[in-house]
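Participant: Sharing a structure, written as structure tokens. Questions coming.
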Amino acid sequence: MKSKCSVLINLLVCQYLAVLGVSQDFDFFYFVQQWPGSFCDSDKSSCCYPTTGKPAADFGIHGLWPNYNDGSYPQNCDSNNPFNESEISDLISSMRKNWPSLSCPSSNGESFWTHEWEKHGTCSESVLDQHDYFETTLGLKQQTKLLQSLQSAGINPNGKFYSLADIRDAIKEGTGYTPWIECNKDSSGNSQLYQVYLCVDKSGSNLIECPVFPKGKCGSQIEFPTF
């Protein structure tokens with residue numbers, strides 16, 4: 001009996017260490033938020049409001065993504081740890097408000113959260129378990145307050161065009177860190193403010209200056225559409 005127990009314990013330890021080794025292998029997080037007005041007025045995507053109704057006119061969470069300093073990233077790190085809504089039941093109300101899905105067909109957000117956890121979250125599970133991953137991400141949204149930072153600088157979601165540099169500077173002033181701005185194009189071909197990337201250390205606790213930015217560029221003047 002003792003030898004069987006020892007074998008079982010060793011097997012479990014080895015499986016745990018294997019997961020640990022994979023999921024620790026990243027350098028920092030991208031914390032990504034998106035402007036819903038740009039998602040919904042895009043030449044590349046359709047837009048469906050969640051089953052709970054139209055979200056507030058605020059930046060919504062896209063995800064918290066482990067990344068490497070060379071710009072590449074791990075993904076789908078643990079197929080044995082699928083998304084489990086029961087593990088985050090106390091966060092659901094906040095997630096529906098702050099992490100809504102605008103993809104079609106309309107949904108309650110679960111498929112979006114499943115994708116984010118299984119593609120990205122599993123690669124940080126040695127640092128953040130499933131509940132911590134979502135709770136930490138929600139906390140980062142409250143910490144960064146993107147819309148407030150922009151509006152404090154006179155940059156409002158009113159369909160007008162603003163300097164990319166002014167948008168970047170306003171977010172840096174508000175958060176203390178340099179963001180990377182991703183643009184998309186509206187149905188008329190105008191470049192518009194789509195997503196904002198900020199970087200977070202491996203613990204998920206502290207914003208940091210980004211070791212590397214994603215590729216892509218915006219025009220010097222970009223639209224901040226209404227929603």
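Including glycine, each Cβ sits where the backbone N, Cα and C put it.
OK, TrEMBL features for this one:
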{"type": "SIGNAL", "residues": "1-23", "note": "signal peptide"}
{"type": "ACT_SITE", "residues": "His62", "note": "active site"}
{"type": "ACT_SITE", "residues": "Glu116", "note": "active site"}
{"type": "ACT_SITE", "residues": "His120", "note": "active site"}
Participant: Including all protein chains shown, what's the count of other C-beta atoms within 10 A of the C-beta of His120 (active site)?
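Facilitator: So the Cβ neighbour count for His120 (active site) comes to 25.
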Participant: Compile a sequence-ordered list of residues in the same chain as His62 (active site), six or more apart from it, whose Cβ lies below 8 A from its Cβ; state 'none' when nothing qualifies.
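Facilitator: Looking at Cβ-Cβ distances below 8 Å from His62 (active site), excluding near sequence neighbours, one finds Val32, Gln33, Gln34, Glu116, Gln195.
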